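What TrEMBL annotates here:
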type     : residues : note
DOMAIN   : 41-290   : domain 'G-protein coupled receptors family 1 profile'
TRANSMEM : 25-48    : transmembrane segment
TRANSMEM : 60-78    : transmembrane segment
TRANSMEM : 98-120   : transmembrane segment
TRANSMEM : 140-158  : transmembrane segment
TRANSMEM : 197-221  : transmembrane segment
TRANSMEM : 233-253  : transmembrane segment
TRANSMEM : 273-292  : transmembrane segment
Amino acid sequence: MQRGNLSTVSEFVFVGLSDAPEIRLLLFVLFLLVYLATMAGNITLLIAISTDSHLHSPMYFFLGNLSLLDLLCPTITVPKMLGALLLEHKEISFSGCLFQHFSLIAVVGTEIFLLAVMAYDRYVAVCHPLRYPSIVSTKLCAQLALGTWATGLLNSLLHTSLVFTLSFCGPNRIQQYYCDFPPVLALSCSSTHSTELVILVVAGVLGSGACVVTVASYICILQEILARKSPGIWHKAFSTCGSHLAVVCLFYGTTICTYVRPSSTYSPHWDRVVSMLYGMLTPLLNPIIYSLRNKEVKCALKRV
């Protein structure tokens, strides 16, 4: 079939966690508590960063953007999942699925680029501490933040347009609790090889670029630490970079397991577990990691 507006599917049906009636209520309570804790943690962190003058620095400006992304990510998927668990309302319209897919890919993509920007910020802080205020200026912070959001949105627009211009004329049961592109692609009655190739190439180029910036920044930080050989330098560097490094490992690990592979290796049960990690647990753990590892954040949270 040709691409275009040939879709005969007007809605999709989620076949995810709600297909286990005996534990549906338990899952609803569990995920509701996780979602509320995620909202509370990130909102509190945002309030602390915006109201405490001690946190008005580039590092915390980027951390505020990360908290905003961690608010958006579960909000895109979890309310619909909770509705399916409690009310058994598993259907989502074609346009609703498109919007959910676009929003989620935009948030995930933006977070990848933001983590790279935060790694560069930590590199300048460790390797060029005296020049840090002049290099990472307010103007540069605004430009970098705007660039990450714009790149994430454009990347998502490309992904979404490629996926949802395919034909969907057969099964409409998505083996997931939200509209992610591997299970959506699996439902298309068009050939998806060229779409997958373009998505993998674009995601590979952009994702690799962000990953290279992150890895290169930490290599430079490590070289600087080894070159100084001053007492306490390891502890100081770890206190500066430890939180960000933990968040990077958690985010990249779960995202790579989900997206960096062809759809032929798609496993519904495994993907539900992995998607829970980056869709719910990562946004929950990020503010905890930063608040536990950072004395300034802990003091600000106490004042809030």
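For all residues, glycine too, the Cβ spot is worked out from N, Cα and C.
Note: TrEMBL annotation is automatic and uncurated.
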* Could you tell me what the rest of the chain brings near the transmembrane segment (98-120), counting residues at least six beyond its ends with Cβ under 8 Å? => 59, 62-63, 65-66, 69, 72-73, 76-77, 80, 92, 144-145, 147-149, 151-153, 155-157, 159-160, 163-164, 178-181, 184, 206-207, 209-211, 213-214, 217-218, 244, 247-248, 251-252, 255, 278
* Structure fact -> Beyond a gap of at least 6 residues from its ends, the CB atoms lying under 8 Å from the transmembrane segment (197-221) belong to 109, 112-113, 115-117, 119-120, 122-123, 126-127, 151, 155, 158-159, 162-163, 181, 237, 241, 245, 248, 252, 259-260, 262
* **Segment confidence, the domain 'G-protein coupled receptors family 1 profile' (41-290), expressed as mean pLDDT** => 82
